[in-house]
Structure formats: structure tokens, C-alpha cells
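J.: Can you keep this structure in mind? I'll have questions shortly.
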């Protein structure tokens with residue numbers, strides 16, 4: 001069949017005959033994605049988000065509650081090994097995102113499509129692979145990726161609800177003992193109030209209104225507000241940390257190998273934003289600048305992670321707690337950190353919700369008439385919000401259950417699938433042995449994250465089953 005392949009000059013396109021696998025021909029004819037215009041023609045859109053808006057969303061997609069647990073993670077790795085490992089993980093995560101974008105752009109050119117999401121890219125990668133079995137089961141690639149994305153992103157939404165309720169509850173319960181003066185290096189909870197589940201329900205109306213925002217350009221306002229509130233809170237934390245940095249000579253450069261898996265499991269999921277990469281690229285006015293924005297955004301995030309993780313461990317040493325906010329004095333300045341994070345996470349919910357909504361809602365809307373499209377759209381959004389709130393309320397130790405599920409889905413999405421996708425995408429064009437080796441090593445690293453995270457979550461679930469019920473904890477979930 002004949003498709004259009006862009007030449008070096010953007011004004012010239014030459015026809016190229018490709019011998020496509022039979023399964024690829026079927027997928028191309030059945031795929032519901034728009035096919036009018038090539039990727040180069042659609043790279044500039046009259047309506048879309050700007051480069052700055054894309055950067056804001058990208059930074060917000062990465063910067064969640066996980067950064068508060070990184071000082072403890074650095075403790076489990078060592079004051080030298082921890083920051084170095086964070087740097088390596090940031091580079092690998094960024095590289096895998098670039099792989100996904102390149103493969104998606106490759107199939108856009110090859111199949112003359114304006115855009116592709118994560119699931120479509122994997123599906124076409126399998127369809128063009130040299131293996132007949134993979135070609136015949138290419139549709140399962142899209143289904144598996146969509147399932148992982150839905151589970152991961154809605155899982156984050158569930159944990160965000162728990163985080164919102166717990167932090168607001170801590171501030172309210174400590175209000176009688178919170179002072180203006182910041183001397184005591186401790187956050188205490190003295191006055192019991194209503195159950196945290198009632199706090200969760202109190203956020204439901206606000207979250208319901210937020211998810212009704214369906215435009216990424218409008219969501220930029222909320223992402224920008226979230227970034228500002230979180231950055232201000234991190235500045236407050238940082239200025240307290242650097243006031244009194246003790247001698248670091250007593251801290252181990254490299255911690256015990258027995259505790260390093262705890263660092264690995266915490267850190268690897270802090271870089272989880274691959275689910276929003278292609279939706280952001282697809283919505284850009286000029287997608288050609290996306291790789292630069294992606295590198296800039298991940299550089300900002302990695303630098304923040306290393307700074308907070310290393311400085312937090314340097315300041316508090318072995319006394320560092322699971323969330324660095326628990327090491328702050330019980331005064332209004334540092335209690336405001338929790339309130340700022342509540343605002344930030346509240347705004348972040350809508351962005352994390354955007355990905356599963358874009359997968360589920362179009363499938364449902366396609367089954368009804370145009371008259372009912374909007375009511376069905378809004379109803380599904382409201383139902384999904386209620387579902388995340390219900391799961392947050394009903395499931396004991398939700399953080400461990402989601403860590404178990406995330407160990408599989410997050411590792412697969414961020415580290416296992418992208419390098420394997422690169423191999424099957426470029427295999428027929430003579431991919432170098434060095435690239436294959438690099439991709440294999442990254443996939444092995446992702447599989448290690450899956451094994452370590454699964455073991456850690458199962459171990460904690462077993463321990464929690466033999467102890468009194470504990471409140472949900474969110475410091476290890478991004």
C-alpha cells in the first residue's frame with residue numbers, strides 16, 4: 001500500500017511503498033484516529049497549548065507527594081549513593097519518555113496520522129514487528145497499556161484524596177498547640193477531630209467540579225497554581241533545612257545493600273509521569289519543540305528531587321521521618337507547608353484524572369448519539385471521582401495496595417515497555433547491537449523495580465495484617 005513519508009524538506013513529500021504486515025493493514029483501516037494530514041502538517045495547530053503551558057503540566061505531572069519521602073529514601077541509599085542514584089534514574093526516565101515520543105512520531109509519519117497515544121503506539125509497534133505472533137495480537141498491546149494507564153492514574157487520584165484528608169486533619173488537630181514561634185522541632189497532634197473519612201467526603205464536591213474542566217489550556221491555570229504552591233512550600237522547607245546543616249562526615253556515603261531496595265522502590269515511582277507525555281505532545285500548538293521542553297522539565301524535576309532528598313537527610317540525619325513535614329517545627333509558618341501542599345495536590349488531581357478520562361470517555365461517548373454525548377461525558381467523570389473517593393475510604397492500607405499494583409503497572413509503563421517498543425519499531429531498519437543492549441538493560445532495571453516493589457508491598461501488607469489498623473500513608477506515592 002502507499003503511504004506518505006516526509007522528506008528532509010518539510011515542503012516536499014515523496015510516496016513510498018511499504019510492504020506492511022497484513023495485521024498492520026487491518027489495524028490501519030480499523031483505527032479510529034484521524035488520518036487527514038501528516039504529523040508534520042499537524043505539528044502546528046491553530047488551537048492547542050503553548051510550550052510554557054506544556055512545561056507547567058509536565059513539571060506538575062512529576063512533582064507530587066513523593067518528593068516529601070525522598071530524604072528518607074536517600075538515607076536508605078547513602079548520602080553519596082542516594083543523589084547519584086536519583087540522577088541516574090532521572091536520566092533513564094527522561095530517556096524512556098524520549099523513546100516513546102520518537103516511536104509515536106515514527107508511526108505518525110509511517111501511517112500518515114496526525115497523532116498517536118501510548119496505546120496506539122504500542123499497538124502499531126507490535127503490528128510492524130518481525131514476529132507473526134506479536135503481529136496477530138497487536139490489539140492486546142493497546143488494551144494492556146490502556147489498562148495500566150487507567151489503574152496507575154486513578155490510583156494516584158485515590159492516594160491524593162487520602163493525602164488531602166490526612167494533611168488537613170493534621171493541621172486542624174494541631175491548631176490548639178500551633179504557635180507563632182518556631183523552636184520545637186516536632187509536629188504534634190493533640191486534639192482529636194472528626195474521622196479522616198469525613199474529610200475525604202468534604203473534598204468530593206470540589207474534585208467533582210475540577211474534573212468537569214476538559215480543556216488542557218484551562219487546566220494550565222490549575223497546574224500553575226499547584227506548581228506555585230508546591231514550590232513555595234519546598235522553599236519554606238529548604239530555608240529551614242539550610243539554617244543548620246550539621247557535619248556530614250558521620251553519615252554513610254553508601255548505606256547497607258539491605259536498605260537500598262527501599263530507596264529504589266521509593267525513588268523509581270517518583271519519576272512516574274510517562275502517562276501524560278503523549279497527551280501533552282498531542283495538544284501542543286507546535287509539537288516540534290516538545291523534546292526540548294521534555295528535557296528541560298525533567299531536568300528541573302531531577303534537580304529538585306536531588307536537592308530536597310540530599311539536604312533533608314543532611315539536616316536531620318538518622319532522625320529523618322517518612323515525610324519531611326513531620327520533622328518541621330509545630331508553628332504556623334511550617335504548618336502552612338501542609339496547607340500549601342493541600343492546595344497543590346487538589347489542583348493536581350484534575351491533571352492526573354485527565355489521562356484515564358481520555359481513554360474511557362471517548363469509548364462510551366461513541367456508543368451514544370451526539371445529543372447525549374455531553375451528559376454521558378460529565379456523568380462518567382463524576383462517577384470516576386466518586387469511585388476514587390470510595391476506594392480511598394473503604395480499602396484499608398490503600399497505600400500498600402496501590403504500591404503493589406503500581407509496582408507492576410508503573411514499572412511496565414515507565415521502564416519496561418518503552419525500550420522494548422524501540423527495538424520492535426526500528427528492528428527492520430537495522431537497529432544497532434549497542435541500542436539493543438541499552439534497551440535490554442533498561443527493561444531489566446524496570447523488571448527489578450517490579451520485583452522489589454512487589455516484594456516490599458507484599459511484605460508490608462503481611463505485616464500490617466498482623467498489627468492494628470493503620471491510617472493510609474501517601475509519602476511513597478507520587
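Positions of Cβ are set from backbone N, Cα and C atoms, glycine also.
Annotated topological domain 'Cytoplasmic' per Swiss-Prot: 1-53, 98-143, 214-217, 281-292, 362-374, 421-441, in sequence order. Here Swiss-Prot flags 1-46 as region 'Disordered'. Residues annotated as compositional bias 'Polar residues' in Swiss-Prot: 1-14, 26-37. Residues annotated as transmembrane segment in Swiss-Prot: 54-74, 77-97, 144-164, 193-213, 218-238, 260-280, 293-313, 341-361, 375-395, 400-420, 442-462. If you look up Swiss-Prot, you'll see 165-192, 239-259, 314-340, 396-399, 463-478 marked as topological domain 'Extracellular'.
A description of the local structural setting of each listed feature is requested, covering burial, neighbours and distances.
T.: Shown for the topological domain 'Cytoplasmic' (98-143): DSSP residue counts in helix, strand and coil, namely 35 helix, 0 strand, 11 coil.
When Cβ-Cβ distances below 8 Å are used as the criterion, the topological domain 'Cytoplasmic' (214-217) is approached by residues 48-49, 53, 57, 279-280, 283, 354, 357, 377 of the same chain, each at least six residues removed from its ends.
Long-range contacts of the transmembrane segment (218-238) within the same chain, counting only residues at least 6 positions beyond its ends with a Cβ under 8 Å from a Cβ of the stretch, are 49, 53, 56-57, 59-60, 63, 67, 210, 304, 307-308, 311-312, 324-325, 328, 333-334, 336-337, 340-341, 343-348, 350-351, 354.
Below 8 angstroms of C-beta separation, residues 75-82, 311-315, 317, 328-329, 334 of the same chain, each at least six residues beyond the ends of the topological domain 'Extracellular' (239-259), sit close to that stretch.
Same-chain neighbours of the transmembrane segment (260-280): 49, 54, 57-58, 61-62, 64, 66-67, 69-70, 72-74, 76-77, 81-82, 85-86, 89-90, 93, 96-97, 100-101, 104, 115-118, 121, 149, 152-153, 216, 290, 294, 298, 301-302, 305, 351, 354-355, 358, 403, 406-407, 410-411, 413-415, 418, 448-449, 452-453, 455-456, 476-478, counting only residues six or more beyond its ends whose CB sits under 8 Å from a CB of the stretch.
Mean model confidence for the topological domain 'Cytoplasmic' (281-292) is a pLDDT of 89.
Within its own chain, the transmembrane segment (293-313) has Cβ neighbours under 8 Å at 51, 54-55, 58-59, 62-63, 67, 70-75, 79, 82-83, 86-87, 90-91, 93-94, 97-98, 101, 234, 237-238, 241-242, 245, 251, 267, 270-271, 277, 320, 324, 327, counting only residues six or more beyond its boundaries.
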J.: Which one, 77-97, 144-164, 375-395, 442-462, has the most C-beta pairs under 8 Å toward the transmembrane segment (193-213)?
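T.: When the Cβ pairs under 8 Å are tallied, 375-395 comes out ahead.
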J.: May I ask which of the stretches 144-164, 375-395, 442-462 has the most CB pairs under 8 A with the transmembrane segment (77-97)?
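T.: Comparing 144-164, 375-395, 442-462 against the transmembrane segment (77-97), the winner is 442-462.
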J.: Are there residues at least 6 beyond the ends of the topological domain 'Cytoplasmic' (421-441) whose Cβ is under 8 Å from a Cβ of it, and what are they?
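T.: For the topological domain 'Cytoplasmic' (421-441), the nonlocal Cβ contacts are 99-100, 102-103, 106-107, 121-122, 125-126, 128-130, 134.
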J.: Helix, strand, coil residue numbers for the topological domain 'Cytoplasmic' (281-292) per DSSP?
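T.: Breakdown, helix to coil: 9 helix, 2 strand, 1 coil.
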